[in-house]
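**Student:** Attaching a single structure in structure tokens format; questions to follow.
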Amino acid sequence: MISDIEFALSECNFQFAYKDLQKINLYIKRILLLNTRFNLISNSNSNFNSILNLHVIDSLLGLPTIKEANPSEILDVGSGAGFPGIILAIFDSSRKYYLLERSKKKSTFLKMIKLELDLENVKILEYEIEREKKKYEFITIRAFRSMNEYALVLKNLLKNEGLIMAYKGKFDRINLEVNQIKDLFSKIEVKSLSSKLSAERNLVLLYK
């Protein structure tokens, strides 16, 4: 299985250490083992290669943007099974990641994974986003919901000149969402990304 991870990362030109491969391998195995108990991902994608390509590789597509912005801390909203927060934290270990997940089941899983993978740069926040008072330079969210459902709430958690990075799907669905929230932000940028293994992905960057 580690060889599959190494191949996938190499195909997408991601830099990695062997310890990163070991952590990803264990992480995927834990999701497969505990998915039914914690309701982590769709059953239709609950096999090793689907998790690797649709979730792990997809999560990593945002890492270059994070490194370019170079924030000291990142808030990942609605972390669920840990995508993208856990994946980013594994490959970006010098940065602090706060994973906010309101579901007790999923946050329990995240706490288990944090300990098992020894992710000292991760902190799990188990509550509704409205309770969060800290301000962040950078926020990530990977959600199927329309951006107008969460844009204002997330903007209020940004420091001045902060940035929200929203993982979104097909480009033709994004324009309507962007038009609904364009007056909230000083600048909105759409980055079209692709890899040989993941589905179509666009990053929507919302600047305060």
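Placed from the backbone N, Cα and C atoms, the Cβ positions cover glycine too.
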**Student:** Report the candidate from R37, R142 that shares the S-adenosyl-L-methionine site with G78, F83, E101, R102, S103, I129, E130, as recorded in Swiss-Prot.
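**Tutor:** So, going by the record in Swiss-Prot, that would be R142.
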**Student:** Over all shown protein chains, what is the count of other CB atoms within 10 A of the CB belonging to G78 (S-adenosyl-L-methionine binding site)?
**Tutor:** 19
**Student:** Which site among E101, E130 has the most other CB atoms no more than 10 Å from its CB, taking these as binding-site residues?
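**Tutor:** Per the Cβ count, the most surrounded site is E101.
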